[in-house]
Amino acid sequence: MANDLAGLAISVRGLKKSYTSKASGTKDAVAGIDLEVSRGEIFAILGPNGAGKTTTVEILEGYRNRDSGEVQVLGQDPAMLGNDSWAWRNRIGIVLQSTNDSQDLSVSETVRHFANYYSNPRNPEKVIHEVGLEEKESARISTLSGGQRRRLDVALGIIGNPEILFLDEPTTGFDPEARRAFWDLIRKLRDEGTTILLTTHYLDEAEALADRVAVIVDGKIIEVSTPENLGGRNTAKARVSWYENGTKQEIESDFPAAEVAKLSAKFGGEVPELTVIRPSLEDIYLKMIGQL
Amino acid sequence: MRPNIIKVGFLRGGLEIKQFMRQRESVVFTLLFPVMLLFIFGSVFKGELAPGVTFSQYFVAGMIASGLVNTGFQQLAIMIPIERDFGTLKRLRGTPVSPISYFIGKAILVFVAMIVQVAALMGFGAALFGLNLPDTAEKWLRFIWLVLLGSICSTILGIAFSAVPKNGRGASAVVSPIVIILQFFSGVFFVFSTLPQWMQQFAALFPLKWLTQGMRSVFLPESFATQEVAKSWEIPQIAIILLVWTVLGTILALKTFKWSDK
């Protein structure tokens, strides 16, 4: 309850989880994570495949047990729910990574049916409309495209009117147009007050959606920040380059305008092939996860 | 307020039946297979066990009893691991729905499939093989509680056993041989009293033998009771054995039922 009062939807401290397999021995999937997600924010966990995103989220959703650490979601420990687990599940929505169920039912039958599980569900027709499946309402689930199927997953995730929505790599396999529509939907849910925890390996998705981003690599969070400030992007040195003495010249500077003024004076006006570049978010991200 | 667990169970039952009806193969298999078996056995063994009592009469009793095992135990012990693979159960576990509602839904599916199968067997048997339907109210009443208790017991055991197969692909290979062996041992395909004693004693540990015996008491003349191994239909014993397995199965199912494979 203390966390509830502090306006925290999720708090995680020192979370650890390791798996043992014959092939690779014991591996730390999550190696000591701290996280705090406020109510009403979109929080993204960004990282490459195998970084521990899904393990972390599934522990928060109550699907997996942890080895150690403290976890509170909506003021409760998902590993210690006991008899009133339904009341907690009644307040959360889950969109799993990949599903293949209910093939023989229609979109509308499925969404309406799931509404019966919750004490205060949203209106099924409205939800189907919100996720953009109104034209597929009476279509069998087996006939949906990958993107439509994913939007149905989201419909089932939000039908219970959750306070927190977990989205595990929600737009994998979407075409660009479907992704934009999906992002709009997520923002709308946030604006209605839903807290959203999203995992993604798409940098642009985290940048477009998230209020804050945690970058996770090898089971550890290496930074938590707003997308604008990720990796010190806002204060990173700019690269100024130009053409001189038959080759390309380049310097890094905290004061690129001053450098350009100096060059301009030196060349007496225009500087040949002048460019000034701030590192892109992608450059910074790749550097952070050790791919650059 | 939590949505009513029983009511959600019935809603799940409706959904299960809808899904079942839309899978043509499963409908055809459930309905036609027992009728086909009856047709084959009825055509091969044309003789009478006693004046006016055909072999089909004996065989229908066994087919109905093993139908309970097929639609309940066998179907669920194969279907639930497949649902686990498809993520159906994982999704349900992420919602407030109670496993009890899920169980009720399965029981309703089994019960409805069973009713249709029994009706098909009895209708087909009466039309083509001169099957005599139960002729007293007492026998009908016994028939109804046998079907009810039998399908509940079979459902529960199917749910409990669904924890055994590692995945959906292997489930049929694990479950089907058990059912077929029990059918042979329990007097479904042969006259039970002619089986070796060790087979009879082994079969007596499991519900199918008792269900089959109960169904014989419904479909065969009263005088046939003396041909049973115990010289009687043993109706109270049948009820007790089925109840014991139902209780054991419920405890096991609640203990071992897995929403997911992790």
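The backbone N, Cα and C atoms fix where each Cβ goes, glycine too.
According to TrEMBL, the features are:
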DOMAIN    B:25-260  domain 'ABC transmembrane type-2'
TRANSMEM  B:27-45  transmembrane segment
TRANSMEM  B:57-82  transmembrane segment
TRANSMEM  B:103-131  transmembrane segment
TRANSMEM  B:143-164  transmembrane segment
TRANSMEM  B:171-192  transmembrane segment
TRANSMEM  B:235-254  transmembrane segment
Near the transmembrane segment (B:27-45) in space but 6 or more residues beyond its ends, with Cβ under 8 Å, are 20-21, 54-56, 59-60, 63, 66-67, 70-71, 75, 113, 116-117, 120-121, 124-125, 128-129, 189
Maximum Cβ pairs under 8 Å to the transmembrane segment (B:171-192) among B:57-82, B:103-131, B:143-164, B:235-254 is reached by B:57-82
Within the same chain, the residues 6 or more beyond the ends of the transmembrane segment (B:57-82) and with Cβ under 8 Å of it are 30, 34, 37-38, 41-42, 45, 49, 89, 106, 110, 113-114, 117-118, 121-122, 125, 131-132, 147, 150-151, 153-155, 157-159, 161-162, 164-168, 170-172, 174-176, 179, 182-183, 186-189, 191, 207-208, 211-212, 214-216, 218-220
